[in-house]
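First the structure, in the form of structure tokens, and then the observations on it.
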Amino acid sequence: MNASSSCNNETVANGQCHGLSICGWCYDYGEARIVSKEYETFNSIVISFLLPSIGFLGLVGNGLSAFTYSRKEMVSSLNVYLCALACSDIVIILTAFFLFFMESMRKRSEAITYYFAVLSPVMFPLGLTAQTLSVFITVASAFDCLILVAASERVRNMFCSVWTSLLILFIIVCVAFLYNSPHMFEIYVVDCWSMPYGAVSKDVCPTALRSNPIIAFLGSYISK
């Protein structure tokens, strides 16, 4: 913080305070999204109470599934996919908890505001990668089931093996990370001045890549 820089109505109007950008300035403080008070209340209840409760149950269920399918007695081509699917779903739940619950708590805690900004560039692409993994793994497990049911024994022995499943899983992981790698360059962390807390903090701002309408359109179209 530059102690010699002032913070008054004029500098605040220009998005500056004590030589730093005001937190939220780079995305208009979210004012472009106008919602009703009723919606904010409903959203707060869902994110603050329902999301953690359902997420906890999901973590327990997927944790038990991953533990069961990873046992030596359960090793098979299909169970390799199911174990990987449970693990990717766990990552989805954890990143969703971070991106939604912690984001909603930023207004209530200076520490959460800081760590949310610091970790967002990692959690955001990680969550999207886990979603892609879950979709691809589900498709791969469906094909594995199809081959087990409809194919000849020779084909089953060729494709429905643990080694083949691990190889396909490795390819899926590489493709998912490559497909979602542009998201790592969509946001960046900046030092800023927090008006509510009156202290230096950090915030997440969109890069030119995220603001590009062509990239946004292609991302939305492909994700569908």
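Yeah, the Cβs are placed from backbone N, Cα and C, and that goes for glycine too.
Remember, TrEMBL labels are computer predictions, not curated facts.
Under the heading domain 'G-protein coupled receptors family 1 profile', TrEMBL lists 61-224. In this model, the domain 'G-protein coupled receptors family 1 profile' (61-224) carries an average pLDDT of 88.
Annotated transmembrane segment per TrEMBL: 45-67 (among others), in sequence order.
Sequence-distant contacts of the transmembrane segment (79-100), counting only residues of its own chain at least 6 positions beyond either end whose CB sits under 8 Å from a CB of the stretch, comprise 47, 51-52, 55, 58-59, 62-63, 65-66, 69-70, 116, 119-120, 123-124, 126-127, 130-131, 133-134, 137-138, 140-141, 144, 162, 165-166, 169. The annotation transmembrane segment is assigned in TrEMBL to 79-100 (among others).
Annotated transmembrane segment per TrEMBL: 134-151 (among others), in sequence order.
Under the heading transmembrane segment, TrEMBL lists 158-179 (among others). Away from its own ends, the transmembrane segment (158-179) comes close to residues 75-78, 80-81, 84, 129, 132-133, 136-137, 140, 144, 147-148, 151 of its chain (Cβ-Cβ under 8 Å, at least six residues beyond either end).
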